[in-house]
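Listed features, source Swiss-Prot:
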| type | residues | note |
| --- | --- | --- |
| ACT_SITE | 104 | active site, phosphoserine intermediate |
| BINDING | 104, 243, 245, 247 | Mg(2+) binding site |
| MOD_RES | 104 | phosphoserine |
């Protein structure tokens, strides 16, 4: 059954336009609350609500609070807190659910709502569909004796800071390291600097002055140029860039080189494999560079590919019983440390790995160079693009065997097929990408 409101990461959109309106968000809170009450009729459920630093967070927080309490659910409010912080506190406080008001790496004009289930895990499909079904029912406020209560909780940030620090090995310290930390003017602005400072690092802070409008604005994991310049200017050892809600990580070394999620996952996996502590293998996505897969195989580390989206990486990790995975975008999962992707915790795992291996980022990542990728977006007229591309696709896969691969991905929002070819030779990637694209264009003419 397809979802009507939920995407791969909750409900998201431009503020003031459906579904990110106070009216709909209140009803969303009510629907989710009714589902929680139906699942736990012996006691009154409690949910945790956190948000990033967008100006619209105040409005949407109030709407959610109204919806949940109308359904008879108690609400705890944390104020600004990273998405993984809400996941952690949902588990630590043994709550029925956690809710985050954030649009992650998007600009301030957007916002979204995503849920964590009991235990700090993302909602499964069945629960999302229950909430969607409840959204189609009329909203009926509980009698006054059955309304929920709401209050702000103290110490949420401090508890999460201590949790982050606990994932860094006790025998190690960040003393002697100079770090530039870019918090994207987002939810980690009052968290990440304290974590690194309390572990001993000398800090330079950027993107730590949110005003409601500057989240992800030329700062953060999606705009590493600012971090590169700051690392070079301050002669720092490393730069750490997080995104607006704190679940992505990009790093920069002392020479100003940028390291994406794939490279950082490789660093973590290599260090764990060297110590015999890597459980199973590594999960990436269909877009993970093949060169990384081959490098892991040389280390004897199995590699699996999930669909694009950290939700699907997480599902495959659980299915295989593995712990490490993620995406080039900087979503990194270390399931022995946290139930969800966490930029701060991932950066601590990278820094610990470097200390344990006694190598630099550049030295470890020299194990592999990303294969060149050619991406062509092909617009079609609704034709059978799979049939049209079958012959050149088969030829390409035969020609690239062991040297590259082809990924064809239809857009979910427009009549476009994304043709991606990667190979150890740029000309080879270009040739086959153009051949497949031309075959689709021919039947669409």
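Using the three backbone atoms N, Cα and C, a Cβ is placed for every residue, glycine included.
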| field | DSSP-derived structure type at residue 104 (active site, phosphoserine intermediate), helix or strand or else coil | value | coil
| query | Other than 104, 243, 245, 247, which residues of the chain come within 8 Å of the Mg(2+) site, judged by Cβ distance to the Cβ centroid of those residues? | reply | 52, 82, 83, 102, 105, 186, 187, 221, 242, 244, 246, 248, 343
| query | What is the separation, in Å, between the Cα atoms of residue 243 (Mg(2+) binding site) and residue 104 (active site, phosphoserine intermediate)? | reply | 7
| Which ones in the same chain are close to residue 247 (Mg(2+) binding site), with CB under 8 Å and 6+ residues apart in sequence? | 82, 83, 84, 104, 310, 331, 340, 341, 342, 343
| request: Count the Cβ atoms, other than its own, that fall within 10 Å of the Cβ of residue 243 (Mg(2+) binding site), considering every protein chain shown. | output: 33
| task | Using all protein chains in view, find how many other C-beta atoms are within 10 Å of the C-beta of the residue listed as 'active site, phosphoserine intermediate'. | result | 28
| Tertiary neighbours of residue 245 (Mg(2+) binding site) (same chain, Cβ under 8 Å, six or more apart) | 52, 82, 83, 100, 102, 103, 104, 105, 186, 187
| query | Using DSSP, would you call residue 243 (Mg(2+) binding site) helix, strand or coil? | reply | coil
